[in-house]
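Among the features that Swiss-Prot reports, anthranilate 1 binding site is placed at Gly81, Asn112, with the record citing sequence analysis. Residues annotated as 5-phospho-alpha-D-ribose 1-diphosphate binding site in Swiss-Prot: Gly81, 84-85, 91-94, 109-117, Ser121. According to Swiss-Prot, the Mg(2+) 1 binding site annotation covers Ser93, Glu227, on the basis of sequence analysis. Annotation source Swiss-Prot lists anthranilate 2 binding site at Arg167. Look at Swiss-Prot and you will find Asp226, Glu227 tagged as Mg(2+) 2 binding site, backed by sequence analysis.
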Amino acid sequence: MDIKAAIAKVVDRKDLTTEEMIEVMQQIMTGQATPAQIGGFLVALRFKSESVGEITGAAQVMRQLASKVDIDDPHLVDTCGTGGDGSNLFNVSTAAAFVVAAAGGKVAKHGNRSVSSRSGSADVLEAAGINLDMTAEQVARAIKEIGVGFLFAPAHHSAMKHAIGPRREMGIRTIFNMLGPLTNPAGVTKQVIGVFNPLLCLPLAEVLQRLGSTHVLVVSAADGLDEISLACETHVAELKDGKISEYTLTPEDAGIMRRSLDGLTVASAEESLTLIEAALTKVTDQTSQKARDIVALNAGAAIYAADLASSFKEGVEMAQDAIGSGLAFAKLKELASFSACFKEEE
């Protein structure tokens, strides 16, 4: 299907088939569509609301065109959100990645620089001294040896360059916000995905079911966070054993006291790093305790998704142990020194 015909169909509020979406995405990702056509198509999709079939088709094309990171591990997991929640919270899922690694998981952390927040995962890792310009082989080695590696989206999704201009100029959420977590270059089948709207939980779980994922938690908190919140209940769509179930999680389910998010918002990557370090080292005040608790909640979900724990509660307990032992913070420092070696080689 030609992108012009696709725009006309979507403007009429008709869903594209998965096959039609594949054809249109191939035109976008190979430079055959003009910036005006890309912008018009993305806005029309957003107004209609993207269907499960459309998201699936788009994700398939992005996966095919991505440069792969070769990792074969039964506990390989990703912690990646859609962003766009407007909270400016510190990088919780990035901190959680080091906790999961310390608990015995392997984390292929997929992420990018900030688009809508004050600090994207790439921004805070760079502030921590981690080299983002590692090759796919070097990232794979980091994951195998340390338990965590960072997959910088632009390095693995070079075909995305055709859509960057229209996305930046429009400045609104589009289907591409959802595609980041669905297109991990390491091909993870286990993950926790945070989304900005609870209505997206079930559709994205259905997309991942179609794409072959095995254990996924798609989470969206009642306060709008694209994380499991410390302050309120969180809606979850869980894909496990081929079935999807929906339920609500609370901090109390994991034995953690509910607290406000005051003090956990940041204005820069450096401020985010300060809170991550506070969460992973010694609790000195209420803010560092809250930071530690929200990281433990989200790391616990990822430990459970990685099938290292039999329940969310057990996952959170394992996360708390990994933080308390100092191992999680050690993983952060280890990745920084490991990645610096490759910087010196260049």
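In case you wondered, yes, glycine gets a Cβ from its N, Cα and C as well.
Not measured: the values here are computed from a predicted model.
Within 10 Å of the Cα of Gly111 (5-phospho-alpha-D-ribose 1-diphosphate binding site), the following binding-site residues from the list Gly81, Arg167, Asp226 place their own Cα: Gly81. Nearest in space to Glu227 (Mg(2+) 1 binding site), taking C-alpha to C-alpha distance over the binding-site residues Gly81, Asn91, Thr94, Arg167, is Gly81. Among the binding-site residues listed here, namely Gly81, Ser93, Thr94, Gly81 has its C-alpha nearest to that of Arg167 (anthranilate 2 binding site).
When the binding-site residues Gly81, Asn91, Ser93, Thr94 are compared by Cα distance to Asp226 (Mg(2+) 2 binding site), the shortest distance belongs to Gly81. If you take the Cα of Asn91 (5-phospho-alpha-D-ribose 1-diphosphate binding site) and the Cα of Gly81 (anthranilate 1 binding site), they are about 10 angstrom apart, rounded to a whole number.
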